[in-house]
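Below is one structure; the comments refer to it alone.
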């Protein structure tokens, strides 16, 4: 949270003017390896960031008028304000980097500035710290105990000397802890004292009442002189302020100070921080900072100060309040030319507090002393802070009186600057606009129902009071029993709904009292009547009177309509008066149903007596009338007259609509009149056929007879005419487009026309159309053809219409069935449950479980079809959509994800056991070298192609046809040859190694001299040169223990040698030396 901008501007001005008075501040006693007892009730501590040395910390304490002690602890700077001298007594501690430096100030401080600065910085947390709570201090100062004092420390002895100057040398190291844990020492004070309260939200009124921004007193001559020594240096695009800050008593220049002006960076205080922020001093200002031109100074809503280090970013002000830049004095300031300015006591009046709907205010500035006769004061009003939504009007900004209108809720800070040629003064005032006060409306208690009547065994009831209303909030409900039987101590009294149980008969009255958040109450009552159980006698009902006609002599009387408030335990049927002597058979006389048979003509009366569980009885009578058999003559109906057009092959005579009360047993057709004789078939049946009709009028008579011999006749006229007939015109309906999964359609041929009417329709499927698809209810012989279960493809149906004269016409209708656009996203889930056992509620539960597994919404899982897979399994076809607009996810990815999630979950995660999860259609591309089997969902590869076994069994497991049989065979042959070659090479190497082993020394003897051409050289088997000398003989024999020929090798030397090599005994003229030559290998 951030303080109001008005307080920020006042604090900036205070810091600028404090620079003049702090020039007399000097460094006092210093202590090393020492701490103080930071009791929050006696001292106040503020942590300062962006300090690089003990000297910086001491200078910061000098710059703050309320600071008494600069504490440098472990690379961090803390400013301490001591209420009393004994509160800041140094104490010794262990070998840690802790230095205490007391500052010396003049006895006479500027009273106005001191009071104002103390008040500005003392409005902190109740703990007494300027910005750091006790918990935050414990993070920085680990030696603090729970009471806030040091642990195991002793008082500092007088033998401690002043701190060496080397400790005051600047350090370029920055506090490694940063601003994440500690609030930075910046220009913005905390909100806990009321400086950061905003005028928005529900709590604005409470926060505004705490905020009282005082107006500073008139400046004395010394303070104005210090103000004249300050400089105003504009920054491009912003209004910035640079002040000459005094250093400590013995300032040590830092590297940053030598390079240029050191200024402070404005940093925004985090909202959860309770610390205040104080401006960081700048030392050794450069001459450039002392130059300013008022002509280049402009107003801006943002205050920017050059950062001390480029490593820190420049934060921004909060958006809840808008700051207006400070306006520099109207006269030019120069560090080399000082002038005397008279201080004016300017008052902008008391702080104003307005409450909506009051949106106007008037601010008036008063100045002391009054202007001389020849001089007038210039007034300049500036709005330093206002709410973000401020759109009001400000009038007469350059006059003593400022008119404000159309103010919105929030805090406004105004500054008025009064100046003349040699005088200057300024004042501040706050205007707070509070929201309109709310008028509380009392709550309205509502109970439902207000009246209830129950009868035993119902002994429980509910009374709902949750429908009660209030303009804010109902905080409590209280039920109490006003009248009725006592309910005991377990009576639920503080719930919106009153639940009652185990009630006894009686009249109850309950009162509900509700209370809202403002303490207003309202009550209402509800009544409840519990009645005792009443046992009413049963009501017997034997049913209505019955009448039957012989030969029917059986009937069933039904008494199950009898009723009782509890239960009927006994049914009894009796023959009524006048029926005891008649013969009949009664069955089920003690059941609700009485079966009567062998009844005779006459009237019967039967009595039903019912008995309930308490023994109460009731009776009812029913009459059964048996009438004598009454035969009526049949009625012959030959049908309507017919008019036929010649030529006609045959005509149908229909007498099936003839009727009789007992049934017709005989039909007879006869030709009674006509132009020529005709041939008739089935003349003794209800429907007869006539052929051989010629042009003329024919009369046929139908005679029917019943079982009693009664008969009846009817005549039919058939007129055969010769006239022209126009053929019908068939219209099948044209072309239709159907998109799966919608696989049903109706083709309408009723628009076919004929001059005398169409008598028959016939739909014929074209031979090139798909065979799949069913005709519903024989509609292929009707005007409208109904089709279902169509598959992807183009269907052609021919409509053949025929009129009464046999003329016909045909037309074709085309149905193009397009594939389902969601086909690639359909997933097939087979569950171990019969399709007849799967209910709608279980289906919705399955959808929710699938949505949880797939991490989607329930509405994203769409079930298209549920059908039987086997007698004990059901297949569910669904797809999953996501995104906006909706996009159907790929079935392969959904099936793979669902299979993976099911393998990780418990076995009983779904309602039923999952038998298989796969795509509904076969979507495999098979690498373009095969096709996908729709049953097994596996690729069937073409000839000379096979499956990539590595991808199938080691990677994603998707069936494919990526490998060529030739390539695989060539690779296998290559690997086989390579394996054989490597094996052969290894065997050869092993044998060679075995042959090179040194054998036992072999002895040789010289053979007899032989012909020079048969000279041979005897050599060891493995080429090892013998140590024996050369001999002249050409042949040598071994005398070793092994006489085998396998131990010696003979090689024939070439007859001629260029140069004979010498041996130990010299050269032999007729022989060569015995040795090893690599070429003999």
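Placement of Cβ uses the backbone N, Cα and C atoms for every residue, glycine included.
Taken from Swiss-Prot, the feature region 'Disordered' covers 168-331.
Here Swiss-Prot flags 196 (among others) as N-linked glycosylation site, drawing on sequence analysis.
According to Swiss-Prot, the N-linked glycosylation site annotation covers 228 (among others), on the basis of sequence analysis.
Among the features that Swiss-Prot reports, N-linked glycosylation site is placed at 272 (among others).
The annotation N-linked glycosylation site is assigned in Swiss-Prot to 302 (among others).
Around the Cβ of residue 430 (N-linked glycosylation site), the number of neighbouring Cβ atoms within 10 Å comes to 24. For 430 (among others), the entry in Swiss-Prot reads N-linked glycosylation site.
When other Cβ atoms within 10 Å of the Cβ of residue 507 (N-linked glycosylation site) are tallied across all protein chains shown, the result is 13. Annotation comment: Swiss-Prot describes 507 (among others) as N-linked glycosylation site, evidence class sequence analysis.
Annotation source Swiss-Prot lists N-linked glycosylation site at 522 (among others), citing sequence analysis. The number of other CB atoms found within 10 A of the CB of residue 522 (N-linked glycosylation site), across every protein chain shown, is 18.
Per Swiss-Prot, the feature N-linked glycosylation site maps to 545 (among others); the stated evidence is sequence analysis. When other Cβ atoms within 10 Å of the Cβ of residue 545 (N-linked glycosylation site) are tallied across all protein chains shown, the result is 12.
Here Swiss-Prot flags 560 (among others) as N-linked glycosylation site, drawing on sequence analysis. Under the three-state DSSP scheme, residue 560 (N-linked glycosylation site) falls in the coil class. In this view, residue 560 (N-linked glycosylation site) is surrounded by 12 other Cβ atoms within 10 Å of its Cβ, with every protein chain counted.
The annotation domain 'PKD 4' is assigned in Swiss-Prot to 630-723 on the grounds of sequence analysis.
Annotation comment: Swiss-Prot describes 729-820 as domain 'PKD 5'.
Secondary structure at residue 742 (N-linked glycosylation site), taken from DSSP and collapsed to helix, strand or coil, is coil. Per Swiss-Prot, N-linked glycosylation site is recorded for 742 (among others).
Here residue 507 (N-linked glycosylation site) is compared against the glycosylation sites 430, 522, 545, 560, 742, and the shortest C-alpha distance is to 522.
Mean pLDDT across the domain 'PKD 4' (630-723) comes to 89 in this model. In terms of DSSP secondary structure, the domain 'PKD 5' (729-820) contains 3 helix, 48 strand, 41 coil.
It is 55 Å from the Cα atom of residue 545 (N-linked glycosylation site) to that of residue 742 (N-linked glycosylation site). When the C-alpha distances from residue 560 (N-linked glycosylation site) to the glycosylation sites 430, 522, 742 are tabulated, the minimum falls on 742. Its Cβ taken as reference, residue 742 (N-linked glycosylation site) is surrounded by 11 other Cβ atoms within 10 Å in the chains shown. Residue counts for the domain 'PKD 4' (630-723) under DSSP, split into helix (H, G, I), strand (E, B) and coil, are 0 helix, 51 strand, 43 coil. Counting only the Cα atoms, the space from residue 522 (N-linked glycosylation site) to residue 742 (N-linked glycosylation site) is about 61 angstrom. Calculated from their C-alpha atoms, the gap between residue 430 (N-linked glycosylation site) and residue 742 (N-linked glycosylation site) amounts to 74 Å.
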